[in-house]
Amino acid sequence: TIEPLYFTYGVLFACGCSFAYQPSLVILGHYFKKRLGLVNGIVTAGSSLFTVSLPFLLRVLIDSVGLYNTLRVLCILIFILFLAGFTYKPLVSNVKDKEGGKKGKFRFRPEKKICNFSVFKVLSYRIWALGIPAALFGYFVPYVHLMKHVRDRFGDSVPEEVLLLCLGITSGVGRLIFGRVADYIPGAKKVYLQVASFFFIGLMSMMIPLCHVFGGLIAVCLFMGLFDGCFICIMAPIAFELVGAQDVSQAIGFLLGFMSIPMTFGPPIAGWLRDHLGTYDVAFYLAGVPPLIGGAILCFIPWVHERQKLKERAKPIDGETTEKMLENESTMVSDATEKPVKEMESGF
């Protein structure tokens, strides 16, 4: 029965994936600063490598050992993550952590630090956490429905697996390229890379129904994979820029949680449109609209972030000027009181 799979392969497996994915992005910021974008590109490119190779491996395993044993082989692969997690050693960031905990002893943080909502005080992060989910309502639609669309339009005469292969390969290439490019873009201006990626992802989604030749569909998937890799690899560097290293884990966690909502509802809505209209064309056209809207929202982040930094720089300056004004007033008062005393002493 499929109901137990809803809980095991659905809920439990998804929770395990989220627990494994988020720390793999956050831990990089403890060790890399100058080339954080490149490192994120290399790390996230690993998923593209298995996106390309795993479907062929699964087909061979299912044909040779069956479905049940294939799932057991996947369990062995996932167990490698269990061992790799022991290599994550966070660097102690401040003196309080050094003094508060003994070396090698795991300590639970206070509840308010575990659920740290202070990241939402940063206006640029709030815009980012709003714009990216808004852009992702159509993000999963091509990945879920593209194969069915190809079968409806071209039948079984074309190898639709080639499209997933193109998406996986160019996504890995894009993560390596744009991860390195992000290192040369200062501050929050890295967001413009995500804006460009959402623009091209939305445009490519709208072009899928216009492709009446299979070669054109391959070209669309190549471009879509390239900018998909751009979006994925610079997510952690942008989070470090917006909220800092101390709160980046919470920031990425909240963002991934918000992202799951549109990514969950987008493909079923596209499937509902296909059932009622008899074609995926409208679904792919509409899937290209949210990335354009989300990208437009993200354009405000660099401007807002720069204003926040200017305000933070102005605060200590204002404090210093007020302290100097108080010091000047105190010296003027002391001089005014000392002058009559000196005059009186000279009179006597």
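Count begins at 1; order follows the chain as displayed.
Cβ from N, Cα, C; glycine included.
Unlike curated entries, TrEMBL annotations are predicted automatically.
Note that this is a predicted model, so its numbers are computed, not measured.
Looking up the ranges 34-54, 139-159, 328-348 in TrEMBL, the one annotated as region 'Disordered' turns out to be 328-348.
Taking pairs at least six residues apart, the transmembrane segment (36-58) and the transmembrane segment (162-179) share three or more Cβ pairs below 8 Å and count as touching. Looking at which of 162-179, 191-210, 216-240, 252-270 has the most CB pairs under 8 Å to the transmembrane segment (123-142), the answer is the stretch 252-270. It is 282-304 that, among the stretches 162-179, 191-210, 282-304, forms the most Cβ pairs under 8 Å with the transmembrane segment (252-270). In terms of C-beta pairs under 8 Å, the stretch of 6-29, 70-88, 162-179, 216-240, 282-304 lying closest in packing to the transmembrane segment (191-210) is 282-304. Through the fold, the transmembrane segment (216-240) approaches residues 25-26, 28-29, 36-37, 40-41, 44-45, 48, 125, 128, 142, 146, 150, 162-163, 166-179, 182, 188, 190-191, 193-194, 196-198, 200-201, 204-205, 207-208, 210, 248, 251-252, 255 of its own chain, all at least 6 residues removed from its boundaries and within a Cβ separation under 8 Å. Remote same-chain partners of the transmembrane segment (6-29), defined as residues 6 or more beyond its termini with a Cβ less than 8 Å from a stretch Cβ, comprise 36, 39-40, 43, 78, 81, 85, 88, 90, 235-236, 240, 245, 248-249, 252-253, 256.
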